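K.L.:
Annotation source TrEMBL lists compositional bias 'Gly residues' at 180-199. As annotated by TrEMBL, compositional bias 'Low complexity' applies to 201-211. Per TrEMBL, the feature domain 'Galectin' maps to 35-161. According to TrEMBL, the region 'Disordered' annotation covers 167-211. As annotated by TrEMBL, signal peptide applies to 1-20.
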Amino acid sequence: MLKIITFLFFLGLFKNPILAQVLDCNRLVGNFVGQKIAFSRPMEIGDVITWNGTVFSQPSTIGANLLTASEIPLHIKQIMPQQRTVFNNNGGVWGRELFGQPLWQLGQPYQISVKLDYSVFRISLNNVEVYQFPIRTANWNVITFWGMNNSFSQTNWLEMKCIRSPTTTRAPRTRRPGHGHGGGHGGGHGHGGGYGGGRFSSSSSSESCER
């Protein structure tokens, strides 16, 4: 039952009374712990989300999630003061836990980035890539929320750097007569979902009830 309640909390069925802001390929300044921040559009291949903050001194469980309307493609959790981070996903049921180096330290500032790549999430700590978590959910291309549920930490800011222009941009300039030129190009890319293990050790045990 506790697992079900935790999963529903991540998906935002237990609403925070604070009206959440929308992240539109920009930086939001403030403490967003306990809020579910919506994106103006789904994350695309090459987009990077970064959050900067500080962990308080009390031992606790700290974590963050990238979410769709019904799934958790990326779940990050560390039970402080353990020196390892748990990575997982939930597409209806929790997947196999994978483990990497610690992302948080008691009483210390942090900056974590997640880049959506073709088959993995690339996780960086203080601008250094430290882990790759395979994409294991079918709806990886409709990630529209970020959430952090621990009250023993705070964020300073949350930022999305988009590979494509944000949804609201200035209208393009009109060309001057007589100076136009023709040309064009085409291209495209595909995505292969990953279902293997990560770079570090793994466990077949189910997710802990503490999230």
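Each Cβ is built from the backbone N, Cα and C atoms, and glycine gets one as well.
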K.L.:
Can you tell me how the residues of the domain 'Galectin' (35-161) break down into helix, strand and coil by DSSP?
P.N.:
3 helix, 71 strand, 53 coil
K.L.:
I'd like to know the mean pLDDT over the domain 'Galectin' (35-161).
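P.N.:
That stretch averages a pLDDT of 96.
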